[in-house]
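Structure, as C-alpha cells:
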Amino acid sequence: MAGKEAPAAEPPDKKARVGRGWEEAQNPPKRIRGGELEEQPRKPPKRKIVLLMAYSGKGYHGMQRNLGSSQFKTIEDDLVSALVRAGCIPENHGEDMRKMSFQRCARTDKGVSAAGQVVSLKVWLIDDLLDKINSHLPSHIRILGLKRVTGGFNSKNRCDARTYLYMLPTFAFAHKDRDVQDETYRLSAETLQQVNRLLACYQGTHNFHNFTSQKGPREPSARRYVLEMYCEPPFEREGLEFAVIKVKGQSFMMHQIRKMVGLVVAIVKGYAPESVLERSWGEEKVDVPKAPGLGLVLERVHFETYNQRFGSDGLHEPLDWVQEEAKAAAFKEQHIYPTIVSTERHERSMAQWLSTLPIHDFSATALAAGTAPVGLGTQDPSPEDCTDQDSD
C-alpha cells in the first residue's frame, strides 16, 4: 500500500551467525593439535533439580549465604563450595547464585538445624552427582536426595507448607516456684495435656505481629495460617527429659515459632495468664518472650500442589521424599539431637533463658492507633501474604 514502509531487511549474515552460534554451542569447535583436528569434550546437559538437605546448624550463621561477609559462615557457603568442587556448576555460579537459579525453601536462622531443607538449582547432570557433592561436604551437612523438576520450579514459591520441630528439656514446663533447672523434673500427663491445649490455640489464621519484629497489626503479611501444633510425649536423653513440639504452617516470619513456644512456656510456668494468648493476636502490643534457637529444626517442606500437577505426569517424580525418610531420621539421631542435648548440658541455653522470664511484662504496653481488633480466623489467607520471610 502507498505510504507503508517496507520492513527493514536483516543483515545478510544475521541468520547465519545465529545458526552458527547455536551449532557451536551444541557442537564445540575443534582444536588443531599436531596437525590433527581434536574435538573439545562436550559438557553434560544443565537441568533444574532439587536437593534434599540435612544439616546441624550449630556454628553457622544461618542457611543463606552472605557474600562479602566471610566472617559469618553459613550452610550455603559449604554447599556452594561442594557444588563447585564436585564439578556440577562453574566457579562463577558460586559467586553469583542467580546464574544457577538457586533458591531455598527457608532461610533458617543462626544455630537452627534442618532434616528436610529443599533447594532448587540448575546443574550439570554429571555421573554420581549425589555422592560427589557429599564427598566435599562435612559430615554434619548431607544431601539426602536429588530429583529432577520442571524448568521453572522455585523451591520457595512452590512450597505449600513447612513443618518445624522444637526440642526442649521438659523442665521448661515446670512451675516457676521450682528450681529453674531441675533435672529430676518429669512432665506429667496433666501438664502435657495443658501444653497441647494451649498449642492448639495457634491453629488457624491469626495476626502474629507480636511474634516477630517490624510488623504492624494492620500489615496483611503479619497474618499467618497454622495447620497444626502439638507436643509429643517426652523421652530421656543422657538422664535429662526432653519433648518435641511440632508445628506445620504455610510459612513463618522471623522468630515466630520461637515466640510461639516462648509464650506457651511462660503461661504453663505461671508467669503469664492464658488470656494473653488471645490478646496477642489483637491490636495491642504484647511483650512475647523468644525461646532459644538451639532446639529449632526444619523437619519437612511440603509440595502438595506441585505433586498433584506434575508428580504423576510420567516425566517428573513427586516431591514426597518417602524413600529418604529413613536417612533423614538417622541424620537427626546422629547429628541433630545429640548436638541439642550436649549443647543444652554445657551451655544451659534453656535454663538461662528461663531465668529471664520474670522481667517480661505480659500486660498490654501499647495500642496501634486506628486499628480494629483482629478476630480468630480459620480461613487460609491469600498466598501472597504467606511468602516465607524467614523461618526463625
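Numbering starts at 1 and runs along the chain as it is shown here.
Using the three backbone atoms N, Cα and C, a Cβ is placed for every residue, glycine included.
In TrEMBL this protein carries:
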REGION    1-43  region 'Disordered'
COMPBIAS  11-23  compositional bias 'Basic and acidic residues'
COMPBIAS  33-42  compositional bias 'Basic and acidic residues'
ACT_SITE  D109  active site, nucleophile
BINDING   Y164  substrate binding site
DOMAIN    202-304  domain 'Pseudouridine synthase I TruA alpha/beta'
REGION    372-392  region 'Disordered'
COMPBIAS  382-392  compositional bias 'Acidic residues'
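Each residue contributes its Cα atom, and for the residue listed as 'substrate binding site' and D109 (active site, nucleophile) those atoms are 13 Å apart. With DSSP states grouped into helix (H, G, I), strand (E, B) and coil, the domain 'Pseudouridine synthase I TruA alpha/beta' (202-304) comes out at 26 helix, 35 strand, 42 coil. Across the domain 'Pseudouridine synthase I TruA alpha/beta' (202-304), the prediction's mean pLDDT works out to 95. Using a 10 Å Cβ-Cβ cutoff, the residue listed as 'substrate binding site' registers 28 neighbours.
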